[in-house]
Amino acid sequence: MNRILIIAGGTGGHIFPALAVARELREQEVDVQWLGVKGGLEEKLVPDSFPLHLIQIKAFRGKRGLQQLLMPLRLVRAVFQAYRIIRQFKPDVILGMGGYVAGPGGLAAWITRTPLIIHEQNSIPGLTNRVLAKMAKFILQGFPDTFPQNRKVITTGNPVRTELVKMPLPQVRLAARRGPLRILVLGGSQGARSINQKMLAALSSYPRSEEIAVWHQTGQRDFEFIQKEYEKIKIEAKVDNFISDMAGAYGWADLVVCRAGALTVCEIASVGVASIFIPYPHAVDNHQFHNARFLEQAGAAIIISEESLAETDLMRWFEQFAQDRDRLLTMAENARKLAKPEAVQRVIAQCKKFYAAR
């Protein structure tokens, strides 16, 4: 049986694409194991059916003083932990999908001479993948032009969940839809306080509340507060701290208001739905803005910077979209044209080149 070690952790933006690949690999009877970080989100999200190995590592950026001095020692420890796991499992190939774990995992792959493939989800590559790109056999990218083109660079798209790829086309879902404008609000897996606050401010002053329905993912921190506030402003709203049924949520929505993480952008393209992006302003290298531009330039999305965001901006867009369903449909169709539904298979095709090659 062929063996693959997947390296991914930290955030849903790394874990969910890796899970999409892992599930398809398991369908193909590949032995898949997972390398993550102790205390990371992967401990909650990776199913028990995938053996999960955990090492100890934290982010390098932003460390000062003693913490900064200790980072080299901690990196060496993490590389050694990953090295032992790789030597024990003996994978045919290692697939790095990002997160803090990718650095030590990728270095351990190089030390053990195990073929390494990396996948960069964002439009601007992170520091870890820029380093690992020199060691990797192939560099897979979710967006075109993330890395300079050479023989190792392949644009696969970002893997998304199968249930999203299989959703009906925008024309089927939206063409005959009537009733309130359905707004899906997402702040990423952890929620986004600024989006939560601006949404409430915009909707509390919206003149015709019957025109709006909301499904709002708040994150755990703001859940109870946001739920109570919707009750006060008399807007039809479903409030969740985390939405697990994303196919149901996207299928329900006419419009998505969200951050611009790579996974969210590619899910929106895969489904085909109009969006307003509010990129996280502190993202490394401003990569969320560049992710969002991928859809905005195609006429599929609106970008509003958080620095200039006012509740009147959101209210104005909501009023326009409530009166112009045709524009929503056009934006949704433009998004769908950019989808790469075969992304999972493209990633796996590169992994197959190293099956039983050792």
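Backbone N, Cα and C atoms are what each Cβ position is placed from, and that goes for glycine too.
Over in Swiss-Prot, the protein carries these features:
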BINDING   THR11, GLY12, GLY13, ASN122, ARG161, SER189, ILE243, ALA262, LEU263, THR264, VAL265, CYS266, GLU267, GLN288  UDP-N-acetyl-alpha-D-glucosamine binding site
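On the structure: features taken from Swiss-Prot.
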{"residue": "ARG161", "record": "UDP-N-acetyl-alpha-D-glucosamine binding site", "contacts (Cβ under 8 Å, 6+ apart)": "PHE16, LEU19, ALA20, MET246, ALA247, GLU267"}
{"residue": "ILE243", "record": "UDP-N-acetyl-alpha-D-glucosamine binding site", "contacts (Cβ under 8 Å, 6+ apart)": "LEU186, TRP215, GLN217, ALA249"}
{"residue": "LEU263", "record": "UDP-N-acetyl-alpha-D-glucosamine binding site", "contacts (Cβ under 8 Å, 6+ apart)": "GLY12, GLY13, PHE16, PRO17, GLN121, ASN158, VAL160"}
{"residue": "VAL265", "record": "UDP-N-acetyl-alpha-D-glucosamine binding site", "contacts (Cβ under 8 Å, 6+ apart)": "ASN158, PHE277, ASN291, ALA292, PHE294, LEU295"}
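Of all Cβ atoms in the protein chains displayed, 25 besides its own lie within 10 Å of the Cβ of GLU267 (UDP-N-acetyl-alpha-D-glucosamine binding site). In the structure shown, across all protein chains, GLY13 is the one of the binding-site residues THR11, GLY13 with the greatest number of other Cβ atoms within 10 Å.
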